[in-house]
Structures are given as structure tokens and as C-alpha cells.
Amino acid sequence: MKVTILASAILALINGALALPANTPTLDVTLTQVDNTRIKATVKNTGNEKVTFVHLNFFQDAAPVKKVSLFRNGTEVEFTGIKRRLLTEGLSDDGLTTLAPGGTFEDEFDVASTGDLTEGGTVTIRTDGFVPITTDRKVSGYIPYQSNELEIEVDPAKAAAVPQAIKLLDRRTKVASCSGSRASALSTALRNAGSLANAAASAASSGSSTRFQEYFKTTSRRPENVGGRFRAVGREASSQSSGKTTYYCNDPYGYCDSNTLAYTLPSSNLIANCDIYYSYLPALTSSCHAQDQATTTLHEFTHAPAVYSPGTDDYAYGYRASTALSASQALLNADTYALFANGSPLLPLSNHSKCRNTMVWRTLL
């Protein structure tokens, strides 16, 4: 086992790059090996104030979410767990963690349960990103986190004996287990997501370069992979009887909860909506950078590598955190695509007048 202590130095670079206030809290993540592929993460609040943050899609989440990235010979090992989109307001307490200054918590998990490590050998593990912080159960900002780089030697026999977190379901038609009002809602969401994606593709290719840079953090002429990903989402959303993904109206794996809108299983290109997708979200929002069914569906489609490869990750949620990412992270951040699709005044589906100059919305999500 080899541990490289990079967290403090990299967090300092992150804080400088984002021009965060000097007293901005950060989370320091220390990864250690427990036994073979079983890993312990110790998360510490290095700031001088108490923070409450969303621990879903992060350490302490009991679901098979992506807590770390695994690399073998410089290539990332495919993640076989779930990626989910969360509420940004009205969050329940069971999705929140509070840490006092200097406070810590630990989380143990087995990386072989969400990644094929049966080849054994040297595997490098690390993680970084932003965790949403909350005020009165509403996301009000973000806190950066960064881990050390942990190098482990994997025993292939032991790795093969670790049960996979998710057992694949039988393949079905593109839209599965849908009927009644949910089928109607999903049909509308797919149609709207397709229209938003196609309009966003045009905005990315020939719209404002300033707006493009605002979201994707690059001054180069709109990388083709942005417009290409939006166009691919538009194609995938255009048919409910064929396509490259399987879309469930309900929760086939049991990973929905009171804070989860929908989730994607990238390794099988499966998407599932949760109950609050229907009960909480409008079909289309009239508010700048707010959540709705259409952009949630668009968000999930970007996770699926069969739609456009590589699939996106969840480096950050919401406008403030997503526009604080580096260019390389923003280009692979699912919420960046959802926010760009919602936040462009070129898009025809809902009232986006509040987003006509999104640069003034830095205080929003």
C-alpha cells in the first residue's frame, strides 16, 4: 500500500483557482487500505466553522455511489454503481451530515463491489470534487474536497470473491414498467429533454462564446464534445421504443429515497425515476437554473456512456458549484449540461428571461 499526501497542497490550489474566501471550509479526505480492496475514508472539516452538507453521492452514502475513482495503468476502471440526481431544497435530515470545526467521520467500503478488479495488480485510488452545503435544508453553496492518492496491490482472488453491489436486470424496451400518469409524464419529459438538448447543441455550436465559457470554463471555440453530447441526448430522447438506454418509470433497484430524483446505472445504461421526480418536479421550470423533469432526464442521459462516451460524472451540483469547476471537470459534469440547457435564452420551451445575463446569478445555484 502506498499513500501520497496530496490533499492539503491540492486544496490550496483549488481555493486559489476559485478565489474562495480565506475562511471557506474544506473537507480533507484521507484514504487508507483496510484489507485488499476494502478502503476507509476519514473525512475532516478543516475549516473554523460548523458545516452541514449533503452526504448523498459522497462518503456515508449507503448506496453504491461513486465515492472514489480507480485507475489501473493510468486508465480509469469502469464504475458499476449508480449516479443519482438529488433535490436542492426540501432535503430530509437523513441525507445531511454536520461536522464541527476539526470534526471527522469515517466510512468503509469495498471498491471491488462497484468495479472489476479481478485482474489484480496495482490500483490507484483518489477522489475530489464539491459537496453541497445546506441552510435550512436547502443547498446554499458548496464545499471542496480532495483526497490523498492511495496505491494498493490487489489480490485478484479476493477481489473476485467480493459480491457485486448491483445485479443486472433483464434487458427490456427503452421505456420500461410505465403506465398511466407516470408514462404520460415521462413521455412529456423525453420530448422536452430532446428539444432542450437540440437547442442547447445549437447554442453550444453557434451561440454566445461568453455564455459557453461561463458554464464550460474554456475560451476555445466550443469543443465538439459539448454539442455532440447534446445532439446525442436529443437523439436518445426522440424514441420511446428503441435507443441505447433502458428508462424505468419506477425504481427497479430500490435506491430511491426522499432526496433522490432519479439515478443512472452507467455500466448497463439504465435510468430510473424516483417518486419525487413526479410529485416534486414541474415538467418545465420558469425559474433560472431550477430543477424540472426535462433537465433531470437530460442530466441522467449524459451519465450513460452508450448515449455519448465517456459518460459524465457528478463533480458538482447547482450553478455556483458547477461554474466553479475546471474546464476538464465541467466538460464531464452532468449538471453543467442540465444548467446550460436551462440557462440559455435561446431555448424555446419555458420562460428563461431571468437567465438572459446569467453572469449576475453567481449568488444562485
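Heads up, the Cβ atoms here are built off N, Cα and C, so glycines get one too.
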So which of ASN342, ASN351 shows up as N-linked glycosylation site in Swiss-Prot?
ASN351
Say which of CYS178, CYS288 is recorded by Swiss-Prot as the disulfide partner for CYS249.
CYS178
Whichever of CYS256, CYS288 is disulfide-bonded to CYS274 when Swiss-Prot is consulted
CYS256
Sparsest Cβ surroundings (other CB atoms within 10 Å) among the binding-site residues HIS299, HIS303:
HIS303
Taking the Cβ of CYS256 (disulfide bond) as the reference point, list residues of the same chain whose Cβ is under 8 angstroms away and which are at least six residues distant in sequence.
TYR263, ALA272, CYS274, ASP275, ILE276
Of the recorded positions ASN73, HIS299, GLU300, HIS303, ASP314, which one has its Cα closest to the Cα of CYS178 (disulfide bond)?
GLU300
Local backbone state of CYS256 (disulfide bond), from DSSP in three classes:
coil
Given HIS303 (Zn(2+) binding site) and CYS249 (disulfide bond), what distance in Å do their CA atoms have, once rounded to a whole number?
17
